[in-house]
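Annotated features, as they stand in TrEMBL:
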DOMAIN    B:13-72  domain 'BED-type'
DOMAIN    B:42-70  domain 'C2H2-type'
REGION    B:117-137  region 'Disordered'
COMPBIAS  B:126-137  compositional bias 'Basic and acidic residues'
REGION    B:150-319  region 'Disordered'
COMPBIAS  B:203-224  compositional bias 'Pro residues'
COMPBIAS  B:233-244  compositional bias 'Low complexity'
COMPBIAS  B:277-288  compositional bias 'Basic and acidic residues'
COMPBIAS  B:289-299  compositional bias 'Low complexity'
COMPBIAS  B:301-319  compositional bias 'Basic and acidic residues'
Amino acid sequence: MAPATQYELSQPPNDAVSSLVFAPDSPSRLLVSSWDKNVYLYDTTSSGGGGDENSTGEDQHGTLVRTFEHRAPVMDVCFGASDDEAFTAGMDWQVLRIDLNSGEQSVVSKHSAPVRRVVYSRQHSLLISASWDSTLHVHNPTNASLAPLTIPLPGKPHALAASPSKVIVAMTSRLVHIYDLATLSAALTSPSASDPPQPWQQRESSLKFLTRAVAAMPSDAGYATSSIEGRVAVEWFDASAESQARKYAFKCHRQAQQTASEDGATDVVYPVNALAFHPAYGTFASGGGDATVALWDAAAKRRMKVYQKFPDSVAALAFSADGKCLAIAVCPGFETGMEDYSGEGRTKILIRELGESEALPKGTAPKGKGK
Amino acid sequence: MGKKKRGHPDIEEILSRAWCYYCERDFEDLKLLISHQKAKHFKCDRCGRRLNTAGGLSVHMNQVHKESLTTVENALPNRQGLEVEIFGMEGIPEDVVQQHNQRIIQTFYQQQAERFAATGNPPPGERGKEGPAKKIKVESADELKKRLAEHRARTAAQKAAGGSATHTPTQGLPDGHSPAQNGSPGAFNSPFAPPGGQFPGYPQQPVPGYTPPPQYPQAYPPSSLPARPGSNLAAPPGLPARPGQHGWQGNASTIDELVSGAPQPEGDEIDALIRMAENRIKPPKKPDTPATAQPAAEEAAPDKKSKKEKDKNVKMIYEDELSPEERMAMMPRYAFAPQAVA
């Protein structure tokens, strides 16, 4: 039995979750994309008692507002300019725009391979999609007259994240490109430039294994990446030597397993599937194949909390816009050598209401939210 | 020695330390332990109130927050239960206490072994039992001569075998070390075998890569650890006989200082032995110690290997050049064929 401040949404997706995201304005509107070809829109608080700390009753299990069917598994979802607009990345090579009120779907972009990730930057009104055809597509959905931009990438993208001014693309071969959103926006409005915009920074991942997830700091200072080999790295955008010296990586989501043989314990290393920064505090959550979620203080390099094990691998994480809730997608993890995989019946969406100082770095006053 | 001892608490001191049932951490005193438990294990994650026991926290959660507590926070996986009522050191089940003590004793002796191995110091108090640390035992001339004959026979046999057989270990003269070290072969004799042979199953863990548990950070400065490879481990078999026997020369000169008027050695160990026999002086090493030291060292070597392996003993749940999503996308269940639709 989970504590009551952590509850499970009723009517979870039928198969593994690829991504979940909270609406930028409403703290209870949650979109979930699933391998079962649907996107789910939930209201995480059924009684509309939104951010009220005292209304955490046990009967709240959220409501499924609507589902949006796709023709192929949905790999990613993000909100657009408003809480009523969403974009999805499909296995069917397409980026769709969905009107969450009417359910109307329209194709925004077509890639030549499945689309892995989509992000939308509100500040720049840019939609960026990353596909396994090793390209980024850049759109301005608010201005349909602008021809979309295609940026070739040196490798298949696996993770994508946008900070207020940058977008980080993590690819195969440990490549990381950081694009400046303003440059992309300028290149989109003046198509005269024949060459696609160059990355603002090109980096090699600090992690030696395949990058699994990227999350950008809302403070625009840097980002965190995670790999399939139980490790998380925190890096800063600032290319100066002092700032780069601050970057670090650490092991996590591992378990020492006692083996029967005399050579002692084996370290079982799980992939770190998900990263999410808290919208206000400099803290972030990581979710791994070991079915745990940990909260980290990026500045103090401290682990703040590890939650009790979930029933299955953690596939995706998202903080609500007000930072009061953490959505956790739990489904079986895909492991090496799996011939068959199905998240059916074991997929859950859990909402954890964070205590007042739960995600707050130590030594900070609980009221200091303007930080 | 006295100073050293202060740095490394003895086993009784370690065993008497207060420790936490939930996370196995140990503390200077009970007060610290209790405040640790209140802060780490019995703290309400809703309001931050620190309770005295898990039961207390459970009741608090129930009454104040209308929530039910199922597990103790920050606890080891098998210690998360609420069934045991713990307060400080009270309430810990007997079998857990036993387990804990065993673990402490094991790590203690292991670290002590490593320390002795790293420093080359003899274990305090073990000197008398385990061999002549600095005491010179007089060997009769006959014994020496007999030993010399044996040695010659062995050397001859080795030469016959093309010099590929083990050599110096029979002589028990590790190279490049001070007599003091030579005088403490006991360091490798495992005099610190766990008392009563209670823990035969624990593998001896060697030094490299070993991080001491956080509770003894000062006691075992890592800087002393790398010294281990250079210590008097037996030379790997299969090497040609060491030319000149440098180590022996070093010893010989020291012995010569002891033996006034003795001529300078020619660099031949046999000569040195003979000279010592003449002077009725026993080399600082008992003839039988090398034989016993040898297996001990051999024991240590494979252990070291297994430790290295252990460090690499990592099982990755997912290891691939392709992402899990790409793998999943290949499965018929999720596959999408664009031409079929278009």
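Backbone N, Cα and C define each Cβ position, glycine as well.
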May I ask for the residues of the chain that lie six or more residues beyond the domain 'C2H2-type' (B:42-70) and have a Cβ under 8 Å from a Cβ within it?
34, 82, 84-87
Confidence summary (mean pLDDT) of the domain 'BED-type' (B:13-72):
88
Is it possible to list how many residues within the domain 'BED-type' (B:13-72) are helical, extended or coil according to DSSP?
27 helix, 6 strand, 27 coil
